[in-house]
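Before any comments, here is the structure.
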Amino acid sequence: MSDKTFQAEQNHLQEVYDTLQSTFELIDKSLKENAKTAREFKQDSGKRTALNFDSYADNLDTFAAMETMNKQIDYYNLKQEQMETTKNKITRFLPAPYFARIDLKYPDESQEIPFYIGSAGFSPTPEDPMILDWRSPIADLYYNNKMGQTSYLANNRDVEVSVDTRRQFLLHQNKLDDIFDSDVAIQDPLLVKTLQENKSNQMGSITATIQSEQNVIIRDTDSQALLVNGIAGSGKTSVVLQRIAYLLYRYRENLVADDVLLLTPNCLFTTYINRVLPSLGEESPRQMTFQQLLDQFVDTKTEFEGNRSHVELLSQELPKLELDTNNFRNIKLNGKLLFGKTTIKKYFDQTPKTLTLKKRLTALTSTLISILENTIQRDSLSDEKQAELSELTESQQEKIFGKTITPSSDKQVQQATKLMLQWQFRKVSKVLSNMSWLNLPTIVDNLTKTNTKNKLDYAYANLYLKNLTNKSLRFVMIDEIQDYSLDQIKFLISAYPKASWTLVGDEFQSIQDSKTPLTFDQLKKVFEAHSIKVKQRDLVTSYRSSGPITKTFVSYGSPELINKVKIIQTNGENPQLFQSSDEDELFENIKSQIEQFSLNKLSAIITSETKESQNIVKYLDNPNIMVASDRSNLPEKGIVVLPLTLAKGLEFDNVIIANVNNSYYTGKVGSNRLYTAFSRASKKLFINSIDKFKPNYNFN
Ligand SMILES: Nc1ncnc2c1ncn2[C@@H]1O[C@H](COP(=O)(O)OP(=O)(O)OP(=O)(O)O)[C@@H](O)[C@H]1O
């Protein structure tokens with residue numbers, strides 16, 4: 001890189017930085033002024049439009065004045081909001097305004113045009129796109145590594161261009177540290193530097209160094225279901241998060257964060273990724289674990305103990321179900337029977353038998369609701385109920401109507417009585433519309449021929465019978481898909497029939513004790529059986545772990561895996577094996593291993609279960625060591641002890657495996673557990689065992 005080019009880029013950076021800073025100052029000033037003007041306006045107009053309700057004409061004048069005033073206040077608020085958004089964006093820009101440049105030559109132009117790409121777009125004037133958003137169509141060329149003649153898709157049109165320069169920058173604020181010009185990136189220098197830099201333990205965005213095979217996943221808008229099979233540390237979670245940000249940008253006209261659901265393996269993981277989307281300037285989507293999602297479909301007061309689910313059976317049997325009286329419940333209010341189950345069954349029998357069961361139940365709901373409404377209407381005319389209204393105390397009136405009332409005409413009395421009755425019957429009304437009159441246990445337990453209630457079965461039956469499908473959810477993203485059962489997948493497909501799916505996982509990280517762990521072939525078949533086409537993409541580059549650690553964990557995958565894997569951080573320390581003769585020696589070994597860790601890094605001791613974690617913490621008796629739980633937040637640095645089920649998905653600089661000679665790590669699932677546990681480490685890996693342990697990979 002010539003000094004002249006470096007200097008020119010340094011000057012450009014300074015110019016952009018100055019513009020950002022002056023825009024920031026300008027906005028900051030305008031924000032304060034706008035807030036002041038709005039405050040003064042409110043005070044001023046408050047005085048001018050002193051409420052005058054003396055006459056009908058005065059009323060109209062006052063309303064008109066209030067309307068104008070409200071519009072003006074809305075305008076001030078909107079302006080304030082827009083300026084706040086720009087200010088926040090610039091605040092995010094200032095530490096690193098952009099990370100790349102791409103020069104394009106259009107066929108009808110004589111000169112190349114340079115475009116700078118950053119984590120958001122910035123144009124001081126509409127004609128001057130000073131920084132392009134990483135999600136813009138032009139930025140796609142940068143990530144695709146294409147040089148020379150090519151094209152990009154903008155507004156559904158192919159735009160022909162020639163890519164002449166592809167440049168990456170390492171910079172901080174207004175200081176350029178390094179420039180890399182790359183044609184087809186064999187080894188991405190910015191990527192290697194980024195991975196070597198000391199990262200915080202919180203997951204960060206990978207915007208500046210997204211690789212082309214990740215880019216196609218992030219920007220895929222054609223596939224109904226996208227299945228990403230990626231080795232540990234290949235960026236699956238990162239890609240999902242970048243993809244969410246991309247989709248929110250691409251469909252910004254009509255997609256909001258709430259239209260996206262992200263299913264995560266555990267709550268600790270949720271806190272770990274929580275920073276990424278806000279740092280990209282996007283709101284986080286709905287995030288939850290599968291169990292939390294199920295809670296929305298069941299009565300959480302029920303105790304669910306059954307481990308085995310029967311979704312396949314239920315999906316075949318429920319549509320053919322013949323309901324009998326015992327499948328309904330009595331509905332009572334304050335001990336008084338309102339609808340008996342025999343009556344409900346009678347109304348059910350009156351619904352057209354030609355309809356599907358679901359439709360008959362919907363029709364029955366409408367019948368029951370209209371019976372209640374008619375009763376309320378009739379009672380609101382009765383002397384008895386109207387007398388009840390007149391006897392309401394002031395505080396009762398406040399509770400029911402939100403204010404005290406003085407109905408002056410017959411009509412007003414009747415309407416108020418009706419409101420009072422609706423209030424009295426509000427719970428019944430909810431029971432009717434929720435279809436809580438269905439006696440679910442008698443249906444589910446009978447079909448599944450078991451009385452240990454399984455949460456998924458109940459959720460599925462509720463979903464099916466009460467028609468709880470959500471047709472508006474647009475995207476479902478599932479991380480660690482290998483840990484789902486076929487029944488869980490079937491449930492999700494039924495719950496979100498209109499969604500597009502992004503499923504990411506790694507078959508070798510299937511760590512649950514299941515006789516029938518999910519295979520990706522089965523997964524594809526389930527989606528295809530529901531007429532959802534699946535596009536599979538593989539990720540085989542290891543970004544997280546050093547070369548020696550990657551080779552070690554990969555040896556617990558399949559024999560051919562090592563030949564497929566690409567390692568970015570080739571160097572690094574070999575993992576170390578420590579053999580102890582008993583538990584005390586093991587704990588002592590762990591104690592001395594910890595002493596080698598800097599407390600400024602995040603390190604983990606991975607165990608097979610919570611009890612083992614507790615024993616270790618007790619023995620080590622060190623205030624710097626904490627036991628992580630599903631409810632705790634992952635600390636920035638220090639040492640955490642946690643079972644593998646919680647460690648999965650997370651990453652640590654240093655990892656100690658508590659004891660690999662443990663029945664937990666035997667058999668096929670045991671190999672997957674070793675693969676998963678070892679692959680949590682990026683730099684140091686210490687493997688402990690009581691007695692002899694022979695690793696698959698000879699690293700010493
Ligand atoms: N293109 C990239 N540029 C920079 N860092 C990357 C890139 N891709 C992945 N990484 C980094 O690699 C690490 C692993 O990424 P991530 O956790 O997304 O992988 P994963 O496939 O979900 O892992 P696992 O399956 O083991 O949980 C993270 O630190 C992430 O920031």
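Glycine is treated like the rest: Cβ placed from N, Cα and C.
TrEMBL annotations:
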{"type": "BINDING", "residues": "GLY230, ILE231, ALA232, GLY233, SER234, GLY235, LYS236, THR237", "note": "ATP binding site"}
{"type": "DOMAIN", "residues": "209-546", "note": "domain 'UvrD-like helicase ATP-binding'"}
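Recorded features from TrEMBL, shown on the structure.
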residue: GLY230; record: ATP binding site; Cβ within 10 Å: 23
residue: ILE231; record: ATP binding site; Cβ within 10 Å: 29
residue: ALA232; record: ATP binding site; Cβ within 10 Å: 26
residue: GLY233; record: ATP binding site; Cβ within 10 Å: 26
residue: SER234; record: ATP binding site; Cβ within 10 Å: 26
residue: GLY235; record: ATP binding site; Cβ within 10 Å: 26
residue: LYS236; record: ATP binding site; Cβ within 10 Å: 26
residue: THR237; record: ATP binding site; Cβ within 10 Å: 25
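Same-chain neighbours of the ATP site beyond GLY230, ILE231, ALA232, GLY233, SER234, GLY235, LYS236, THR237, judged by a C-beta within 8 angstroms of the site's C-beta center, are, in sequence order, ASP506, LEU539, SER542, TYR543, ARG544.
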